[in-house]
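Some notes on the structure that comes next.
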Amino acid sequence: MGLSRGSQSQSVTERAVSVDMAVHPFADLSVSEIDQARRLIQSLHPNVLLSFKAITLEEPNKQHMLDYLEAEHGGAAKPNPPPRMAYCPYYLRGTTDLRTAWVNLTKGTVAKTEKLDPEFHGNVDFAEVVEVEQVVMQDPAVHAEIAKLELPDHLEVIPEPWGFGSDGVDDARRLYQIYMFVREKGKPDYNHYAHPLSFSPVFDPVLGRIIRIEQIPTGAGHETKDVEPFKMTPSNEYVPEEVTPRGDLKPLHVAQPEGPSFSISQDRVLRWQKWQMRLSFNYREGLVLRDVRYDGKPLFYRVSLSEMTVPYGDPRSPYHRKMAFDLGDVGAGMVANNLSLGCDCLGHIAYLDGLLCDREGTPVRKENAVCIHEQDGGIGWKHSNYRTERACVTRKRELVLQSILTVSNYEYILAFVFNQAAEFEYEVRATGILSTAAIDEGITVDYGTVVHPGVLAAHHQHILSLRIDPALGSYRQGNRLTYTEAHAMAMDSENPFGNGYRAISTPVKLAGGLDLDTSKSRTFAIQNVGMKNPINSLPASYKIQVPPVQPLLAHPDSFHYRRAEFADHSIYVTKYADDELFCGGKFTNQSRGGTGIKNWVSRGDNVLDEDIVVWVQFGLNHIPRIEDFPVMPCETVKVHLKPVNFFTRNPALDVPPSSQHANRSVLVSQDAANGCCGGKL
């Protein structure tokens, strides 16, 4: 899987000075802290070239932070902050020697180091991918395969490295699978996915060379054949200069004449419509929300995307290994786009940069990695009194925190969307280009769709896991996960007409996985039984509305299934433990499973009224269609969290009513071109 190129500011050091002056324990590492960590680790290996995979904030101890947050919000004297720690995975460059280090930045020492077993592999980085592409195109064996294509002079071959995957063979050896494509020379933005080839080099980054070239089946079965002269099919482009745009679309402007309703402090505390939260950004999860509060009450200690896996369903070799872990293999922060004003985000926009490092350990700024803006979400609530003919209506204002990832062919638009009723959604939109394979003319298969002449797009799933660390109403009281089902009542004296049904709630007592059941309208909720609603005495809760998605389709004995150990249930709940952030395991590149959520669940922890973490699985089962090519219209899926018996009435009741005076809507008429309804508003 390739990476998107990030942007690096020319004034990284100068822009970080103010951040170092008063550092909150949740603050991302600064330039000077990244430099300090790099120097301390390098001092352990004098005269050895290192390849840093990340230098990022190590999560501060939660119990220490709870004391700190209680004092911070209660106006009391804050305890001493926990030490600033950096977590740093790195290689001794040119070897298989992968290590991790924890640097105490407060003391200026390396607190701990660990040499990992050979089965663990670090994440992909952009510099290495570029080197792989260059070496592949210089390899004599690759040149020999290209010569068999007999390409005309106006065409060239494009390599695309992917993580090798796992199938029990060569797993201990870190490798790249290189998929090959053709495009026109001098046109780098042309769609090479419309012209896949049938051979695939395998690259060893330690040896720095191709170790073999695999022939790829182009029929329905597993048989392969030697490379034949290339037959060019029609191009299938998406770039604007190759598409005639429709001419009847009028501009749409988002206007906020008094400016936005949100504010962001220098230390990244976001405030909007009774919401308050602290924002951070790291190489793996991208945007992370911390200490999320509404109207002064704590709701969530930490919320982030934990993992996203994309297992492919083509059973032919080498596609049987094709499986991406977009956060663990690459990193959401590493591939975050530089978002453009007026293109990726509309309206009054605030941007947040991310601060990462390159493989030298040098700080690299990801400019405009997150955009923040408001949008109209339609009607928030309304009632019309038919007796008086008076209508009361409000508009739903939403706050969007958005980032966009480019992971090789795919784009993912990730957004936290908050509203004024104390609800929020985590929304994912998948777009970009299908990953393709060559297919012989006239062939159809059960595991994919022909989307262009000679081009197959395999079935695949996108399964994501949202990690929710709750603190409903209190940092100290334990929470529980419950599921509620609707059951028909028996037709008896209590229900003589047979129309009654009841909701039955069941608490989850032990760590484990659970599933949706639409036949019973099963829903899940996080509850604080120590916080009772003063009106109905029911426990304060937040309901989790999970979109129905088919669990992982790979066979339970397959490597796909072992590796994506979180993808078999809609919900997991575990007891909180430090350093358990990534449900697929800390190291997913060519992983074998067993180091993520299944391992944690196996402890059999009690999760009833404890410090729990809830993991929500959702996503898409993508059966490709012609309309998804050459670029896919956004496919949207979202998780919705909403309060249940947390408040004493609708929390959006005090939103000002919608009015024409404020909204300035315009009546469309045949004379609209001459003015806005005759100038009347």
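Cβ atoms are placed via backbone N, Cα and C, with glycine included.
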Segment assigned the feature region 'Disordered' in TrEMBL (from 222-244, 245-267): 222-244
Distance [Cα-Cα, Å, rounded] between Asp326 (active site, proton acceptor) and Tyr410 (active site, schiff-base intermediate with substrate): 10
Tyr410 (active site, schiff-base intermediate with substrate): tally of other CB atoms within 10 A of its CB: 21
DSSP helix/strand/coil residue counts for the region 'Disordered' (222-244): 3 helix, 0 strand, 20 coil
Cβ-Cβ neighbours of Asp326 (active site, proton acceptor) (radius 10 Å): 23
